[in-house]
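Peer 1: Feature table excerpt (Swiss-Prot):
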type     : residues                               : note
DOMAIN   : 3-165                                  : domain 'FeoB-type G'
BINDING  : G10, N11, P12, N13, V14, G15, K16, S17 : GTP 1 binding site
BINDING  : N21, A22, T24                          : Mg(2+) 1 binding site
BINDING  : N21, T24, G25                          : Mg(2+) 2 binding site
BINDING  : G35, V36, T37, V38, E39                : GTP 2 binding site
BINDING  : D56, L57, P58, G59                     : GTP 3 binding site
BINDING  : N116, K117, M118, D119                 : GTP 4 binding site
BINDING  : S145, A146, A147                       : GTP 5 binding site
TRANSMEM : 344-364                                : transmembrane segment
TRANSMEM : 386-406                                : transmembrane segment
TRANSMEM : 418-438                                : transmembrane segment
TRANSMEM : 450-470                                : transmembrane segment
TRANSMEM : 515-535                                : transmembrane segment
TRANSMEM : 574-594                                : transmembrane segment
TRANSMEM : 613-633                                : transmembrane segment
TRANSMEM : 643-663                                : transmembrane segment
Amino acid sequence: MKSYEIALIGNPNVGKSTIFNALTGENVYIGNWPGVTVEKKEGEFEYNGEKFKVVDLPGVYSLTANSIDEIIARDYIINEKPDLVVNIVDATALERNLYLTLQLMEMGANLLLALNKMDLAKSLGIEIDVDKLEKILGVKVVPLSAAKKMGIEDLKKAISIAVKDKKTAEIKYPNFEPYIKKITSILQKDEDLKKYNLRYLAIKLLENDKYVEEIVKNSKVWNELKPVLDSIINELSKKYGEAELGIVEERYKVIDKIVKEVMKKTSGKLTTTEMLDDVLTDEKIGTLLIIPFLWMLFKFTFDVSKPFSAMIEYFFGFLSEVVKSSISNKFIASLLADGIISGVGAVLVFFPILAFLFFAISFLEDSGYMARIPFITDRIMNKFGLPGKAVISMVMGFGCNVPAIMATRTIEDEKDRILTILINPLLSCSARLPIYALFAGALFSKYQGVVILSMYALGVVLALITAFLFRKLIFKTSPSYLIVELPPYHIPHLNVVLKNTWERVYDFLRKAGTIIVFGVILVWVLSVYGPSGYLGEEVFENPQLIANSWVAVIGKTLAPLFSPMGWDWRACSALVFGIIAKEVVVGSLAMLYGTGEENLSSVIAHAFSPVSAYAFMAFSLIYLPCIATLAVIKQEIGWKWALFAVTYEMILAYVVALVISVIGNLLF
């Protein structure tokens, strides 16, 4: 079977992931790009007896290689030379999207344009002459609406034709053609350079691109080219200030001409998006509205998920009893029932909460509102010393700190990036939610949503204060500002929301099936063994026995340090195991208190006071990041900063928990 490799590329929020999923279905492979931890998604599909491998490149606005994502996209297209590059273009923002298109054409890529969101463009009064656009660019243009699955078959057909009918389209830049021609006439004298598109090399040399400059410096023609290039750049610098700015200006002149020829906007009235943004992005009103929006999100999550959690809780309690009564070998029965089933069950009981939370977040994302939160809060972030782009990473931190830290790669300034990474673990990821849900349900049942929301708010407040102090004491420079795309509002597409929800829930389940199982088994082993050897599986029913275990030794060693908070050795031990993954804390508590998930809430209600429980939640929010987060911090900014993060978070967690305990006990 003949096979081809194609790449999908486009600006962020153009529907690239939706098109990738529509093309590949479930045939998706997720890994990392070589040398970095940026996620690499690959998939495949078959059409007319041919196989197509699809590579989903990171979302980028340009290929100027100022960020890791841009470098990955550029290097892949230049070095891997895919059979076809499918450029996803947002029909509602044609002018902005065509900038990347022109850069791809400059590279000499075999190009196909997928003009997405045509239905939305039509509703906004935007008309695009697809045939004329195709003629001007010299590449095939396929109109579609991926969210409604319209045009996907047309896209597959166009791909199957374009991979065979390879051609390089070229856009002329009138004011720069003489310079480009002069440079390429020298470059073509070196046969080794002909593996690259010479026009692309010439344009990038005019832009002072260091990557291309290094390629040409090692060529046979560099000595001849250097004085010619310097002369041209000096001439352009006098005219434009910088030669690079001249190229950018020329691209936008071409884009402006194209847009005027192919696009008409028939509606002159205010759009729904413009009317909503007058209110929702207002500096004062918009900021105030964020709080009730987030409160409703949490209210929805817990009210709807409660009966589903109760059913899972009952199932795992029943399963644990069945295993104990069915397996004669008490060691194996205890490992399965008290270890794996009890521990994992205590975590999975929060699966509905996470599912509905992710659903609500995906709903807000697809509606277009979530993108406004960074925009609305940008000025506030700058007052606390954070760069504008940090807001995007912070919002992602509410899902998982690992991808949130990776997202800081779009921050160009190194000090800004390090600062953003250091404060990100203070933002409450979804893995901490089971801890909050357990304690809030056990001791604050009437105010469960408010208590949990307060944990998220506490994390944000601490992150902002920490950022302000670090900016003053360590990173003594001004933060950069945010440039972010605000997509139009629209009614969320259920299939897109469900797809995003499932991907996030699946990540949680995958983690629950690996790290959590390992964690609870480790806790079980340390519980049934002690300094004197094997204690027996009865430890979970006999508090006297488990008090002699290794896990008790660990907890009792730490207990005096945490006695002001009112926590016993079991609580201290659970926090230690939470370093593996925060989800492990709940499973550890279930085993250490010798109960299944069905009775854990009542046990917690007796073991903790409201004040000590709230302090425990706060400590869980702030203290050491999980192993995965610590590993990615080390990879991104090194061991020095990773150890710094561990140290300051432990100190901060202890101080905050102590303050809550002291003040709480004085007041209540």
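In case you wondered, yes, glycine gets a Cβ from its N, Cα and C as well.
What does the local environment look like for each feature on the list?
Peer 2: Mean pLDDT, taken over the domain 'FeoB-type G' (3-165), works out to 87 on the 0 to 100 scale.
DSSP gives G10 (GTP 1 binding site) a strand state.
A sphere of 10 angstroms centred on the C-beta of A22 (Mg(2+) 1 binding site) encloses 21 other C-beta atoms.
Under the three-state DSSP scheme, G25 (Mg(2+) 2 binding site) falls in the coil class. If you draw a 10 Å sphere around the CB of G25 (Mg(2+) 2 binding site), it holds 10 other CB atoms from the protein chains shown.
Of all Cβ atoms in the protein chains displayed, 22 besides its own lie within 10 Å of the Cβ of P58 (GTP 3 binding site).
Taking a C-beta cut-off of under 8 angstroms and a sequence separation of 6 or more, K117 (GTP 4 binding site) has the following same-chain neighbours: V14, G15, D90, A91, T92, S145, A146, A147.
The Cβ neighbour count for S145 (GTP 5 binding site), using a 10 Å radius and every protein chain shown, is 21.
Sequence-distant contacts of the transmembrane segment (418-438) (same chain, at least 6 residues past either end, Cβ-Cβ under 8 Å): 302, 347, 349-350, 353-354, 357-358, 385-387, 389-390, 393-394, 397-401, 404-405, 408, 411, 448, 451-452, 455-456, 459-460, 462-464, 466-467, 470-471, 474-475, 504, 508, 511, 581-583, 585-586, 589, 600-601, 604, 617, 620-622, 625-626, 629, 633, 636-637, 641, 644-645, 648-649.
Within its own chain, the transmembrane segment (613-633) has Cβ neighbours under 8 Å at 37, 401-402, 405-406, 421, 425-426, 428, 431-432, 435-436, 439-440, 442-444, 451, 455, 458-459, 462, 515, 565-567, 571, 575, 578-582, 585, 604, 641-642, 645-646, 649-650, 652-654, 656-658, 660-661, 664, counting only residues six or more beyond its boundaries.
Residues 421-422, 425-426, 458, 462, 466, 562, 564-566, 611-612, 614-616, 618-619, 621-625, 630, 633 of the same chain lie 6 or more positions beyond the ends of the transmembrane segment (643-663) yet place their CB under 8 Å from a CB of it.
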Peer 1: Given the binding-site residues N21, A22, P58, G59, M118, which lie close to P12 (GTP 1 binding site), meaning Cα to Cα within 10 A?
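Peer 2: Those near P12 (GTP 1 binding site) - Cα within 10 Å - are P58, G59, in sequence order.
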Peer 1: In sequence order, which residues at least six apart in the same chain have a CB under 8 Å from the CB of D119 (GTP 4 binding site)?
Peer 2: S145, K148, M150
Peer 1: Would you mind checking how many other C-beta atoms are within 10 angstroms of the C-beta on L57 (GTP 3 binding site)?
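Peer 2: Result for L57 (GTP 3 binding site): 24 other Cβ atoms within 10 Å.
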Peer 1: Looking only at residues six or more beyond either end of the transmembrane segment (344-364), which have a C-beta under 8 A from one in the stretch?
Peer 2: 293, 297-298, 300-302, 304-305, 308-309, 312-313, 315-317, 319-320, 370, 398-399, 430, 433-434, 437-438, 492, 496-498, 500-501, 504-505, 508-509, 512, 516-517, 520, 583-584, 586-587, 589-590, 596-597, 600
Peer 1: Sequence gap of 6 or more, C-beta under 8 Å: which same-chain residues meet both conditions with respect to G10 (GTP 1 binding site)?
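Peer 2: Non-local contacts for G10 (GTP 1 binding site): K16, G59, N87, I88, V89, D90, N97, L100.
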Peer 1: Does DSSP give S145 (GTP 5 binding site) helix, strand or coil?
Peer 2: strand
Peer 1: Of the binding-site residues N13, T24, D56, L57, which one sits closest to M118 (GTP 4 binding site) when you measure Cα to Cα?
Peer 2: N13
Peer 1: On a C-alpha basis, identify the one among N13, S17, L57 that is nearest to T24 (Mg(2+) 1 binding site); the candidates are the binding-site residues.
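Peer 2: Sorting the binding-site residues by distance from T24 (Mg(2+) 1 binding site), the top entry is S17.
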Peer 1: Ranked by the number of other Cβ atoms within 10 Å of their own Cβ, which of the binding-site residues N11, N13, S17, T24, N116 ranks first?
Peer 2: N116
